[in-house]
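Student: What TrEMBL shows for this protein is this:
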ACT_SITE  Glu355  active site, proton donor
ACT_SITE  His386  active site
ACT_SITE  Lys506  active site
Amino acid sequence: MALPSVNPTKTASWKRLEHHFTEAQYLKMKDLFAQDAERANKFTIKWDDFYVDFSKNRITEETFKYLLELADDVKLKEAIESQFSGEKINKTEGRAVLHTALRAPESAVVMVDGENVIPEIYKVKHKIEGFTNEVVNGDRKGYTGKPFTDVVNIGIGGSDLGPAMVVDALQFYKNQLTTHFVSNVDGDHVNEVIKKLNPETTLFVVVSKTFTTQETISNANTIKSWFLKSANEEDIAKHFVAVSTNLDAVSKFGIDTSNIFPMWDWVGGRFSLWSAVGLSISLAVGYNNYASLLEGAHKMDVHFKNEDFKKNIPVVLGLISIWYNNFFDAESEAVIAYSQYLNQFATYLQQGIMESNGKSVDRNGSPIDYQTGTLIWGEPGTNSQHAFFQLIHQGTKLIPADFIGFVESLHGNQDHQDKLTSNFLAQTEALLNGKTKEQVVAEGTSEAIVPFKIFEGNKPTNTIFIKKLTPESLGKLIAMYEHKIFVQGVIWNIFSYDQFGVELGKQLASKILKEFSGEAENEHDNSTFNLLNYYRQNS
Ligand code: F6P
């Protein structure tokens, strides 16, 4: 069964929301809180170690009701069922979408093309576990008999961003191995990483679902050549492993077939850290922590699949985001994590969200006349407060924001934790209430300056307060956003799991590359033609 195809703007709930919006756009959240002492409780979901408060949004119970009806009108429940059961909902590529199966228990049964994929998933997991233990314990050694000290993940996009973000986020849980990431085809990237490495003690993990990606293959080749300056061809087997679906291409590259960790076409690149793409995570924090990450994601999967939509975190967050994107015309959303460990979280989400939902054709192949994918951006708090918060507080744009924080710190310094948390709480309060003219005047501000110190407030936020940053809670958090992506894709009636939009630039780049070597001459617009010649003449 394909995903149901419903134009959201033609549903009864959308019409109700449109009508409701004519008044709701003027809602003042401050008034809503004053009118209802129970508002915060009504719009809070407490689940496991997550406390999700979405009361600081420009919604009423009526808004919420219509948004929930929208989820029903677009048949979200059926769509969730289709995804989890392995139906080929990635229709444009003819594939199932089963990152959820990667974190399902060993007893689960998930059928793809008449075959249960769970045993194969666990076969690879056991291989990851065994390999991780050998490397971490020092039983697996480099070509001169020394244990490994460094691991380099060579990949890009989903084969880089997920593992890089998680390894950074779980630094606290790291073992003695140092993990590096090489992604950009800019030679500076690989060059700077190589400078830090000793070939005798470095393990290279080449991660590419297709094993054809220009950046990854170029970086892998450069590293292989550098490695062979000190080692021999037969030493490659000890130092290079690969994660891919393209086993032939990996073998041709020279990697021993026993060093290949397979993945499957039903794992999308940007949802792949749960597969062997997460090998560098397992190596960095140990297999048990990696397994906890997956366990956390699985718990969120169960919540998403079974929980009533009213109390379903990814569904609620997805619906609220639709409210701003499609009714208030908000273009972007900020994700502000009050944890330095989540430094790369917004960057990671950018691929997940924008590569998935940056689409303008619906599931019938027709152009869309409503807004889809949101722009995502963010930096950790408190640094971001001293960078772009001015615009969120007093700029002209509406920027709904997710605030993510942790009750307990990992470092144990309560003074820092209290200061961090006071900022975390203060910012959403300030965004909600703003500061009135009367308050500014009462502070003794001179009359001429008063207008500049007024804060309009009424800026929407969600607060996602989590007990502690652990592999498990991180797994839940990532899965929460993955499911939010799905919810929004279903509502917008788009295919969230292809990414044809990245192809055109790649194709043209390979044509231009051939021009540099004189193998081809192509037609170009004048601007590109001049730039290309400028490069050829000056390089
Ligand atoms: O950017 C496009 C893309 O296909 C991503 O979806 C993917 O994560 C990335 O390239 C890397 O692809 P591969 O793992 O095949 O090298």
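Quick reminder: no glycine exception, Cβ is built from N, Cα and C everywhere.
Unlike curated records, TrEMBL annotations are generated automatically.
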Student: Rounded to a whole number, how many Å is the Cα of His386 (active site) away from the Cα of Glu355 (active site, proton donor)?
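Tutor: His386 (active site) to Glu355 (active site, proton donor), Cα-Cα distance: 29 Å.
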Student: From the Cα of Lys506 (active site) across to the Cα of Glu355 (active site, proton donor), what is the distance in angstrom?
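Tutor: Glu355 (active site, proton donor) and Lys506 (active site) have their Cα atoms 15 Å apart.
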Student: Sort out the sequence-distant neighbours of Lys506 (active site) for me: same chain, 6+ apart, CB within less than 8 Å of its CB, listed by position.
Tutor: Gln214
Student: Using the structure shown, find which entry in Glu355, His386 (the active-site residues) has the sparsest Cβ neighbourhood within 10 Å.
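Tutor: Relative to the other active-site residues in Glu355, His386, His386 has the fewest Cβ atoms within 10 Å.
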Student: Please classify the secondary structure at Lys506 (active site) using three-state DSSP.
Tutor: helix
